[in-house]
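Under the heading domain 'CTLH', TrEMBL lists B:150-207. As annotated by TrEMBL, domain 'RING-Gid-type' applies to B:328-372. Annotation source TrEMBL lists zinc finger at B:328-372.
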Amino acid sequence: MEIDSATNGNSDAVMTESSATITSSPVVVPASRSNQFTESLKLEHQLLRVPFEHYKKTIRTNHRSFEKEVSTVVNGVGELADSDWSKDVTVSRLTSLVTRLQGLKRKLEEGSNVENLQAQRCRARIDHLDSVDVENITEWNNTKLKRILVDYMLRMSYFETATKLSESSNILDLVDIDIFREAKKVIDALKNREVASALAWCADNKTRLKKSKSKFEFQLRLQEFIELVRVDTAESYQKAIQYARKHLASWGATHMNELQHVLATLAFKSTTECLKYKVLFEPQQWDVLVDQFKKEFCKLYGMTMEPLLNIYLQAGLSALKTPYPSNSIKFDVFNCLFSASENKVAESNFSKRHPNVIFTGGLRLYLDMSQIWF
Amino acid sequence: MDVTGTVTVRDAFDRVSKKQKLYHSVTQDVIDLVCDGIQDTLTRIQLGNDDGVEPESVLTELRRKLDALLPIIQLQKSHKETKWSLSKLVKLLEVSYHPDISLACFSVDFDINLVNKILIHHCYREGLFDVGDCLVKEAGREEETEVRSQFLEFHQIVDSLKLRNIEPAMRWIFANRGKLKQKSSKLEFKLLSLKYCDILREGKSDDALEYARTHFTQYPLHFKEIQKLITCLLWIGNFEKSPYAEIVSLSCWDKVTKELIMEYHHLLDQPINSPLKVALSAGYESLPSLLKLVHLMALTKQEWQAMKQLPVPLELGNEYKFHSAFVCPVSRDQSSEENPPMQLPCGHVISKQSMMRLSKNCAFRTFKCPYCPAETLASACRQLYF
């Protein structure tokens with residue numbers, strides 16, 4: 001079909017010719033093509049969901065702070081009415097309440113501005129999805145490719161590259177750089193063995209986490225407890241017990257087994273050789289926490305755990321039918337890039353009737369394709 | 001293009017932002033209200049002494065007023081409406097869009113280094129040199145200087161061709177003359193004739209002739225083209241009426257640029273399109289079907305991760321078919337290195353293994369072609385290459 005033959009020869013360097021071909025051909029779109037658009041648009045859940053969640057969160061936080069302030073003011077009035085202060089004190093108190101309200105007004109205005117920006121971003125994405133058309137499908141796919149790359153870079157924490165790419169291709173509205181930065185702060189703190197920012201994040205998103213019955217906060221508290229036990233002085237044991245009373249007891253109802261398991265470390269010290277309890281003191285526990293955070297974070301924002309790149313690449317390579325490279329030199333290169341077991345699976349997959357290779361080790365097709373002359 | 005999906009989402013979102021605007025105006029009103037109330041009380045207290053009004057009673061009055069307004073103050077109604085429309089929006093999203101496309105993933109460990117390498121190459125290929133360099137730095141990979149310089153040169157050549165400057169291209173051609181000659185490439189001459197046509201279009205016949213005399217004499221093999229080009233001189237200023245309108249037109253630049261791109265990549269042994277782009281475009285097309293497959297398999301309680309081979313072939317468009325594939329009509333096997341297609345003297349083609357089986361592995365035993373009744377020997381068949 002003319003539209004896609006242009007896709008083949010199209011690199012960013014080849015300029016007007018491809019678009020000229022598209023617009024000059026009569027726009028007779030077979031039903032299958034437009035079906036394909038709708039189908040591929042349906043995959044863009046993450047694109048829309050993430051800014052909406054962010055917007056929702058901002059609305060919620062703003063409302064909560066408003067509620068708090070206003071109720072403090074009203075309570076202040078009530079208190080004044082009840083008590084018996086002198087006139088001057090009353091006057092000064094009332095004035096302070098007024099200034100507080102004025103401050104709140106300003107804050108809310110700022111909050112409203114932030115919300116508007118976020119709403120704009122949501123709208124920009126809806127517009128972007130709407131804009132896909134027969135004529136600009138290559139352009140749209142190019143943007144999609146860049147979006148997928150930025151998503152991968154953000155997950156790998158290559159922030160500078162991600163920002164550069166999004167700025168140069170004008171897709172800042174379509175990517176979620178600041179959200180990932182937020183996550184990185186928490187992850188860095190966790191890697192530094194500090195639970196403070198992670199706990200703050202949990203507090204921020206308390207209701208959502210509760211709704212999804214997440215035990216992430218519990219795990220964080222457990223880790224803090226273990227760190228206290230690790231110190232191994234009488235004082236730290238005291239602290240640990242107090243900490244457990246304060247923070248861990250409430251989780252006992254739902255997670256008693258785990259609680260008991262960890263509390264038992266009070267008996268076994270951090271230098272224990274008993275495997276069951278030794279594992280709790282391993283530094284890898286922090287990595288477990290980091291992974292758990294990533295999972296919770298992605299779930300909250302409606303993002304996939306896997307980078308989009310992996311998902312699309314797997315799907316694409318499974319569908320592309322190319323035979324093994326006949327050039328044996330390339331085959332050796334392929335062999336040393338992947339483990340032997342993956343090779344075997346790939347070999348057994350590449351078979352007779354349906355040569356759709358399941359993706360395991362499918363990156364070898366990347367090498368294959370360098371042999372392909374279109 | 002089906003617009004209904006985004007239309008409903010857009011409507012829902014507009015509703016949300018409308019409600020939120022309402023919320024904000026109500027908040028401002030509420031704050032003003034409370035503020036005014038307090039100000040009012042304040043002034044009354046301050047002036048109160050003259051009237052003999054007790055500050056306490058004024059305060060109690062204020063408190064009563066505020067209590068009465070409490071529900072409004074807490075904006076329960078307004079915020080609830082926003083919350084409600086937000087939750088409707090999220091539900092709509094989950095319905096209109098596939099909530100989790102990672103279901104189609106297999107748990108495979110990606111070799112991060114390889115992926116980064118692919119990305120870096122892709123960036124250089126697309127001309128995003130600073131992005132690529134940044135990625136090299138952040139990913140901690142060693143620099144891919146060779147690839148980078150190759151594509152840098154490539155982009156310079158193509159960019160200058162866009163501006164109708166053939167110098168960088170000619171430099172590259174001179175550097176690779178030997179290899180290009182092996183492919184009997186006509187690029188050198190074509191680029192020169194493009195410049196010549198430019199001069200012709202400007203109407204300077206003397207300059208054109210001068211140019212031709214200086215450059216075309218080195219290409220005796222292209223005498224046919226040279227003849228045409230020189231004859232174009234007769235139609236200066238009037239090319240549309242000439243039989244050579246096509247040769248002199250601007251579109252030739254595009255054609256030659258395309259040819260140069262192809263030859264450049266052939267020389268470097270690289271595909272013209274970024275492999276990443278091709279793989280991902282294939283992914284865009286095949287992911288919906290894969291997700292449907294996941295859904296169906298879940299219904300029949302099959303394990304997606306345990307699947308060794310896709311039960312159905314995923315169809316992609318013609319542009320994704322790179323190699324011809326031969327499937328033997330007898331054994332239904334696809335041909336491979338060890339089992340190539342063999343052509344029988346009658347013209348029919350079957351795979352080698354089927355042929356062996358038919359001739360019972362004897363070189364002198366005749367067998368019948370499965371299609372036509374011609375008898376033939378195994379030795380008479382030739383391997384087919386494509």
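Using the three backbone atoms N, Cα and C, a Cβ is placed for every residue, glycine included.
Annotations in TrEMBL come from automatic prediction, not curation.
Because the structure is a prediction, the values reported are computed rather than measured.
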Hey, which bits of the same chain come close to the domain 'RING-Gid-type' (B:328-372), Cβ under 8 Å, at least six residues off its ends?
378-385
Tell me the residue counts in helix, strand and coil for the domain 'RING-Gid-type' (B:328-372), as DSSP assigns them.
7 helix, 10 strand, 28 coil
Count up the helix, strand and coil residues in the domain 'CTLH' (B:150-207) according to DSSP, in that order.
47 helix, 0 strand, 11 coil
Local confidence of the prediction over the zinc finger (B:328-372), expressed as mean pLDDT:
78
